[in-house]
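Below is one structure, written out as structure tokens; the observations come after it.
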Amino acid sequence: MLAARHFLGGLVPVRVSVRFSSGTTAPKKTSFGSLKDEDRIFTNLYGRHDWRLKGALRRGDWYKTKEILLKGPDWILGEMKTSGLRGRGGAGFPTGLKWSFMNKPSDGRPKYLVVNADEGEPGTCKDREIMRHDPHKLVEGCLVGGRAMGARAAYIYIRGEFYNEASNLQVAIREAYEAGLIGKNACGSDYDFDVFVVRGAGAYICGEETALIESIEGKQGKPRLKPPFPADVGVFGCPTTVANVETVAVSPTICRRGGTWFAGFGRERNSGTKLFNISGHVNHPCTVEEEMSVPLKELIEKHAGGVTGGWDNLLAVIPGGSSTPLIPKSVCETVLMDFDALVQAQTGLGTAAVIVMDRSTDIVKAIARLIEFYKHESCGQCTPCREGVDWMNKVMARFVKGDARPAEIDSLWEISKQIEGHTICALGDGAAWPVQGLIRHFRPELEDRMQRFAQQHRAWQAAS
């Protein structure tokens, strides 16, 4: 029986199985969180165990990898699609679908997998924990993902500042080569696959997939116009898929345990487990693996020891890294941490980097500092981003002092809207959204600050 289901804004036919014998369907899951230890994928997140090959083998990495490879690309892609895994780098595009774009007849050009380890989003530090404490998960994930795409090699593009992470990753790659797990006849599967590490130089813009490809090729890291998309013309002009570290690292476990197992966590279209970074005004900042759709309040109170001064001292939360709009305490009470719930709350999951701000925070200054970051990191290729973000930075600097008129709040909103969606890459969007979140939820704070400044200025003029 065929039915229609909403999927990424459209309708696609899906097969629905109906059990006529009982007349009832299985109840939908309504509570999320409290992930059991046996369901965790990243079992060495805190570096308590040996991260080298010997320790990785004890924790189940590289288990039956040969069997996975021999089942072939179609089987791997099928499991990834069944799992419902969506990209963990921020965009949330269905991974199985994205990887399938590469699974087409060869035209003679080699195919490549590029792993985006250029983690530079303020507040985000999940990928570096994988590379530092569980590097073999990433190396094995490259092999499995590469097999699904028919790729010849993987390039792991790692942020230049991640010296220790790059060192551990390089050691893990060497161990895998020496053990015959990658390279010629990887895992005895008659599949040849190489893994290379490329060091970045600290540019945030190189986290954008086409700028990253340009950097690998030795060019200036500036985003390309699309189309052509990387799956057609990527690194060195060859078909390429760019994937996030976490996305790649979970793929072997999904293949071993089954896509259905992974899909059993979280809400529909938001399945699986996820690494969350919790920082800011919490008692115990941490990186934790939890079930998707876990309530934000539970995530903070259970894993981070709660907000400093108690939950009532909470002012706002940035739920998905610096490029996602903040949400006030009233929204934080009930919101779930997944793609769809946060979009409904007028923000986004992003990289799932939760930045907590209590009532001691100067919220205007905090957002102004983020805009300064984006102004510094803009490549300057697109006029709306180059000029607009610089303009927003100057206006926000005056807003911090209150040296502005209330009408300028609407002007700033309009500037952000002129940047959003009018640039080659999403850096402009990432700069616009924090400003929009501030105006949406803290407009009275901006107006009060301007009023206080005006009163002080009049008093100063009268006194002088």
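Note that Cβ sites are derived from N, Cα and C of the backbone, with glycine treated the same way.
In the structure as shown, the Cβ atom of F93 (NADH binding site) sits within 10 Å of 13 other Cβ atoms. Residues or ranges marked as NADH binding site in Swiss-Prot: G87, R88, G89, G90, A91, G92, F93, P94, T95, G96.
If you draw a 10 Å sphere around the CB of Q220 (FMN binding site), it holds 12 other CB atoms from the protein chains shown. Summarising the annotation, Swiss-Prot assigns FMN binding site to 199-247 and lists similarity to another entry as the type of evidence.
Taken from Swiss-Prot, the feature [4Fe-4S] cluster binding site covers C379, C382, C385, C425. Same-chain residues at least 6 positions away in sequence with a Cβ under 8 Å from that of C382 ([4Fe-4S] cluster binding site) are, in sequence order, H422, T423, I424, C425, G428.
For K81 (N6-acetyllysine), applying a Cβ distance below 8 Å and a minimum sequence separation of six or more within one chain yields P94, G96, L97, S100, G259. Secondary structure at K81 (N6-acetyllysine), as computed by DSSP, is helix. Annotated N6-acetyllysine per Swiss-Prot: K81 (among others), in sequence order, evidence recorded as a large-scale study or a structure entry.
Here Swiss-Prot flags K81 as N6-succinyllysine.
Packing around K104 (N6-acetyllysine) is summarised by its Cβ count: 13 other Cβ atoms lie within 10 angstroms of its Cβ, all protein chains included. Residues or ranges marked as N6-acetyllysine by Swiss-Prot on the basis of a large-scale study or a structure entry: K104 (among others).
Taken from Swiss-Prot, the feature omega-N-methylarginine applies to R257, supported by a large-scale study or a structure entry. Other Cβ atoms within 10 Å of the Cβ of R257 (omega-N-methylarginine), summed over all protein chains shown, number 15.
According to Swiss-Prot, the feature N6-acetyllysine maps to K375 (among others), an assignment based on a large-scale study or a structure entry. A helical conformation is recorded for K375 (N6-acetyllysine) in the three-state DSSP classification. Here the Cβ of K375 (N6-acetyllysine) has 19 other Cβ atoms within 10 Å, regardless of which shown protein chain they belong to.
Under the heading transit peptide, Swiss-Prot lists 1-20.
Its own atom aside, the Cβ of R199 (FMN binding site) has 17 Cβ atoms within 10 angstroms in the protein chains shown. Of the recorded residues, F93 (NADH binding site) and T241 (FMN binding site) place their C-alpha atoms 13 Å from one another.
Within 8 Å of the centroid of the Cβ atoms of C379, C382, C385, C425, where the record puts [4Fe-4S] cluster, the same chain has further Cβ atoms from I205, K222, P223, S378, G380, Q381, R386, T423, I424, L427, G428. When secondary structure is read from DSSP and collapsed to three states, K104 (N6-acetyllysine) falls in the coil class.
Around the Cβ of A91 (NADH binding site), the number of neighbouring Cβ atoms within 10 Å comes to 14.
Fewest Cβ neighbours within 10 Å among the binding-site residues C206, C379, C385, C425: that distinction goes to C379.
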